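Chemist: Not my notes, these are from TrEMBL:
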- 12-35: transmembrane segment (TRANSMEM)
- 47-70: transmembrane segment (TRANSMEM)
- 82-100: transmembrane segment (TRANSMEM)
- 106-132: transmembrane segment (TRANSMEM)
- 144-166: transmembrane segment (TRANSMEM)
- 172-190: transmembrane segment (TRANSMEM)
- 244-265: transmembrane segment (TRANSMEM)
- 289-308: transmembrane segment (TRANSMEM)
- 320-339: transmembrane segment (TRANSMEM)
- 410-434: transmembrane segment (TRANSMEM)
Amino acid sequence: MEDGIGGLRHMLTTVFFSAFAGFMVVPVITDVTVAAVCSGPDDSCSLAVYLTGFQQVAIGMGTMIMMPVIGNLSDRYGIKTILTLPMCLSIVPPVILGYRRDTKFFYVYYISKILTAMVCEGTIDCLANAYVAVNIHGSTRISAFGILAGIKTIAGLFGTLVARFLPIALTFQVSAISFLVGLVYMRVFLQENIYDDDHHHGTYHQEDHHDSTNATMLAEPILNETPIKTQVFRKKYSSLKDMISLMKTSTIFFQALVVTFFSSFSDSGMESAFLYFLKARFGFDKKQFADLLLMITIVGSISQLFILPRFASAIGERKLLSTGLFMEFINMAIVSISWAPWVPYLTTLFVPGALFVMPSVCGIASRQVGPGEQGKVQGCISGVRSFGKVVAPFVFSPLTALFLSDNAPFYFPGFSLLCISLSSLIGFFQSLLIKDVPTPPLNKAINKTSGEDV
């Protein structure tokens with residue numbers, strides 16, 4: 001494996017093709033859903049909102065179970081092998097809507113999307129984060145996470161731009177082709193990465209020997225009373241006890257999971273409410289959705305590729321995490337009281353905040369274990385994110401449908417968005433509890449670890 005971030009180019013390319021295909025359908029799926037299940041093309045009926053919410057719940061429940069399993073399987077069989085399945089299944093839903101988009105075919109797509117997304121949703125991101133954590137060490141790891149997120153955002157930029165000009169049918173066809181190209185590229189060029197336990201320990205102690213002044217694998221603002229272990233998971237196979245053991249061992253990891261939940265809860269709520277709010281409040285259509293998403297992806301890609309790495313090295317991961325959550329809160333709070341169609345465009349200035357959160361969380365969590373458990377850790381994070389996606393639609397889909405209808409208890413179309421912003425505010429306060437203290441030297445910490453623990 002090539003050293004440095006340059007060695008990640010094949011994984012980054014795979015993520016680009018996958019994200020490009022996924023983002024292409026975002027600007028058009030709202031119009032397709034409304035046209036298939038509602039009485040008129042300009043109607044934002046409650047059925048469309050509830051269908052979207054139910055889909056998020058079903059997918060979230062599936063991924064909540066599957067993500068930790070997939071993470072553990074990637075540690076055992078290799079990332080490339082496990083990545084093949086979700087990339088194959090992702091091709092099916094866009095093929096269906098690329099063929100026809102009437103009510104019957106929409107429901108076929110709807111069911112197939114739920115079933116395939118239980119395995120595919122977030123899997124590529126989870127395995128890509130594990131791949132980065134295994135192969136990039138030290139202070140460059142948070143930059144690598146930022147670049148990975150930036151590549152995904154750039155893919156969203158191009159995907160949204162293409163969707164802006166393509167006919168709807170062709171949009172889904174190109175999406176399916178992009179998934180296929182990504183699958184073939186990954187199978188041909190991505191290097192397999194399988195380690196056994198002996199190699200894990202050898203690599204870990206070798207890093208410690210060559211970089212005694214720079215704490216690499218566990219260089220994390222960690223609590224003084226938290227014991228540091230080179231291998232938290234003692235068994236080769238996955239189990240719930242492994243996850244509980246890690247959360248008990250590392251207070252920081254547990255706090256990161258709490259922040260992950262509230263951030264995911266907010267993000268999923270936005271997926272349920274945001275586009276429907278804009279359609280009902282200001283009459284947005286496919287072109288305006290694409291323009292707005294285009295601005296979001298431009299700002300996001302610039303911030304993740306250029307701003308995030310510099311901020312991470314200057315202020316640290318924990319402060320970057322808190323900054324991102326607070327910006328996310330401000331963004332959604334302003335959108336909730338939008339008084340004109342240009343307000344959502346203005347709030348794209350706060351978009352970088354939301355995009356800082358997960359790279360910071362992944363960077364913090366990845367430092368709590370050695371290279372042999374990165375799949376488990378990233379799978380655990382993805383599982384918590386999925387749990388947030390399960391809970392959010394139960395709250396925000398009915399709330400959105402109620403306040404966008406004529407039966408709202410009071411006039412506040414963006415009330416659900418205001419509630420979503422409060423979830424980000426809770427995550428912000430939780431992030432402040434992660435103590436930012438000097439990291440103990442890695443050599444001393446490892447030497448104090450008993451042979452039995454290792």
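Any Cβ shown, glycine's included, is placed from N, Cα and C.
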Chemist: Would you kindly list the residues that approach the transmembrane segment (172-190) from elsewhere in its chain, counting only those six or more residues past its ends and only Cβ-Cβ distances under 8 Å?
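Modeler: For the transmembrane segment (172-190), the far contacts come to 10-11, 13-14, 16-18, 20-22, 24-25, 28, 80, 83-84, 87-88, 90-91, 94-95, 97-98, 159, 162, 166.
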Chemist: Go through the chain and flag residues at least 6 beyond the ends of the transmembrane segment (320-339) whose CB is under 8 A from any CB in it; none is fine as an answer.
Modeler: 259, 263, 266, 270, 274, 281-282, 308, 311-312, 346-347, 350-357, 360-361, 364, 414-418, 420-422, 424-425, 427-428, 431-432, 434
Chemist: Six or more residues beyond either end and a Cβ under 8 Å away: which residues meet both conditions relative to the transmembrane segment (289-308)?
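Modeler: That would be 23, 26-27, 30, 142-143, 146-147, 149-150, 153-154, 156-157, 160-161, 163-164, 275, 278, 320, 344-345, 348-349, 351-352, 355-356, 359.
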Chemist: Given the transmembrane segment (106-132), which of the listed stretches 82-100, 144-166, 244-265, 410-434 has the most Cβ pairs that are under 8 Å apart from it?
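Modeler: Highest pair count goes to 82-100.
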Chemist: Is it the case that the transmembrane segment (82-100) and the transmembrane segment (12-35) have 3 or more CB pairs under 8 Å, with pairs at least 6 apart in sequence?
Modeler: yes
Chemist: Give the one range among 12-35, 47-70, 144-166, 410-434 whose Cβ atoms make the most pairs under 8 Å with those of the transmembrane segment (244-265).
Modeler: 410-434
Chemist: For the transmembrane segment (144-166), find every same-chain residue at least 6 residues outside the stretch whose CB is under 8 Å from a CB in it, and list them.
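Modeler: Same-chain contacts beyond the ends: 5, 8, 11-12, 15-28, 125, 128-129, 132, 136, 174-175, 286-287, 290-291, 293-294, 296-298, 300-301, 303-305, 308-309, 312, 355, 358-359, 362-363.
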